[in-house]
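Below is one structure, written out as structure tokens, with a few remarks after it.
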Amino acid sequence: MLPDLQPPTAFLSLSFAAVMASAILPPLLFCLVLLVSPYLGSSYHTSYTYDGKHYVIRSNSDPRQPKQAPTCQRSSSDGLPVLHRLSPCSPHGAAAARRQETTTTSVTDVLHRDALRLHSLFGDSDNHGAPAPAPSAPGGGVSIPSRGDPMEALPGAFEYHVTAGFGTPVQEFTVGFDTLTAGATLLKCTPCAAKEPCDEAFEPSASSSVRQVPCGTPGCPFHSCSGSPSCTFSMASNNTLLGNVTFLTDTLTLTSSTTLDNFRFACLEAGFRPKNNSTGVLDLSWNSHSLASRAPAILGTAAFSYCLPSSPDTMGFLSVGPPKPEVSGRKAIYTPLRTSSYNGNLYVVDLVGLGLGGPDLSVPPAAFAGDTLLDLRTTFTYLRPEAYAALRDGFRGRMSQYPTAPPLGKLDTCYNFTGLNMFMVPVVTLKFDGGADLDLSMDEMMYFPDPDNHFSVACLAFAAAPEHARVVAVVGNRAQASTEVVYDVRGGKLGFVPYRC
């Protein structure tokens with residue numbers, strides 16, 4: 001058994017037992033290069049992790065399983081299947097495929113979406129790092145934007161989708177999900193605005209189990225309603241109706257065995273509409289009306305967990321009320337989970353250190369004083385500037401033997417591996433309170449513009465957070481990919497189970 005061997009992308013069909021018996025010395029690396037030198041020019045690669053380093057070696061054949069078309073199944077043994085928005089099984093990806101459009105995303109687009117997301121979380125520097133200000137709406141824990149589309153408050157939303165059913169009989173829709181929401185599950189409903197497509201909208205009148213939330217009741221977040229006995233807020237500009245938000249309760253169907261009666265959600269009507277071909281977003285926040293709060297309180301279960309697919313060609317899962325990993329025989333590492341001091345809907349954890357190739361980086365303790373967010377809609381991971389500087393400088397020092405490449409936007413630590421037979425990078429470890437050390441895989445810590453060719457340009461998938469952001473870090477979805485993230489809300493802890501999807 002090889003010590004500390006991590007599940008690799010693929011194993012090289014050579015024996016590395018002698019190499020791994022001790023620290024890999026330059027002469028042995030030289031021998032490996034000679035072994036693979038006939039494969040120079042191939043873009044295929046094999047990779048493995050050992051002794052705090054990721055190794056990538058050129059191969060003359062593709063070691064991965066042949067790509068197969070996703071089955072687009074509607075069920076999963078782990079819960080709801082989770083798809084990336086560019087998956088051929090998602091509405092956006094399928095539509096792009098029908099139009100024969102590319103479904104790749106440029107780094108410029110990714111960084112733009114990240115910037116919008118960070119702005120929505122922290123606003124401008126004038127806000128001193130507090131969340132973006134809510135508009136002068138009736139309030140009550142739900143933020144409704146002051147103009148345009150409610151989804152503008154959720155920019156870059158819906159990188160990942162699930163299919164959920166609302167009402168009786170069930171009306172199925174593709175929806176996003178998020179732990180950092182405006183404080184409610186949102187769903188596009190009829191009536192729609194004039195000339196607006198309305199085929200993908202919930203029809204309340206077709207459901208026998210729908211109920212209005214009365215204005216002035218605990219389920220209505222508005223202090224006053226727009227001239228209606230129901231919990232409705234209308235928004236207008238220059239005497240033009242922008243849309244309505246009406247709170248309803250109805251049956252939510254997640255799987256054949258998981259249904260929730262009287263589930264509260266906000267209907268977006270008459271002009272309000274989601275982005276990215278999604279019909280809405282499931283609220284997984286700490287809000288008292290969220291989907292997470294409705295998880296059954298059964299001994300040995302968590303509130304929810306998710307595993308994000310590592311690419312558009314793979315599938316993850318979202319599970320509500322799942323057994324805790326240890327109950328299912330899986331090993332999880334846990335860190336304490338708490339609410340944010342400035343927003344009770346937010347889950348936060350404590351990032352207490354960074355590792356690089358094993359040893360801890362020397363970072364001023366003040367850099368880790370504050371909250372860390374795990375975000376589903378930010379792609380890259382953003383660290384407080386002084387923490388990022390320590391990671392960047394340490395990484396550059398250990399990668400000095402490789403040719404650098406120009407920055408890709410905010411990704412300022414890039415290398416050109418073109419023409420090499422092999423390369424290695426030090427493993428980045430996120431160290432959370434309680435001893436939860438999360439080692440990131442190659443694809444979780446590095447960004448490859450051409451993901452199918454690692455012998456090309458690659459950048460460290462980290463950047464400095466905005467100076468005014470009152471957080472230690474925003475851990476993006478790239479760093480979370482293929483890891484099951486377990487929210488044991490009642491137990492006050494967050495768990496990680498690597499390589500679950």
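Each residue, glycine too, has its Cβ placed from N, Cα and C.
Where the annotation comes from TrEMBL, it is an automatic prediction and has not been curated.
Here the structure is a predicted model, which means the values were calculated and not measured.
In TrEMBL this protein carries:
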COMPBIAS  58-78  compositional bias 'Polar residues'
REGION    58-80  region 'Disordered'
REGION    122-149  region 'Disordered'
DOMAIN    160-497  domain 'Peptidase A1'
ACT_SITE  Asp178  active site
ACT_SITE  Asp375  active site
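Taking each Cβ in turn and tallying the other Cβ atoms within 10 Å, the top scorer among the active-site residues Asp178, Asp375 is Asp375. Across the domain 'Peptidase A1' (160-497), the prediction's mean pLDDT works out to 91. Rounded to a whole number, the distance between the Cα atoms of Asp178 (active site) and Asp375 (active site) is 8 Å.
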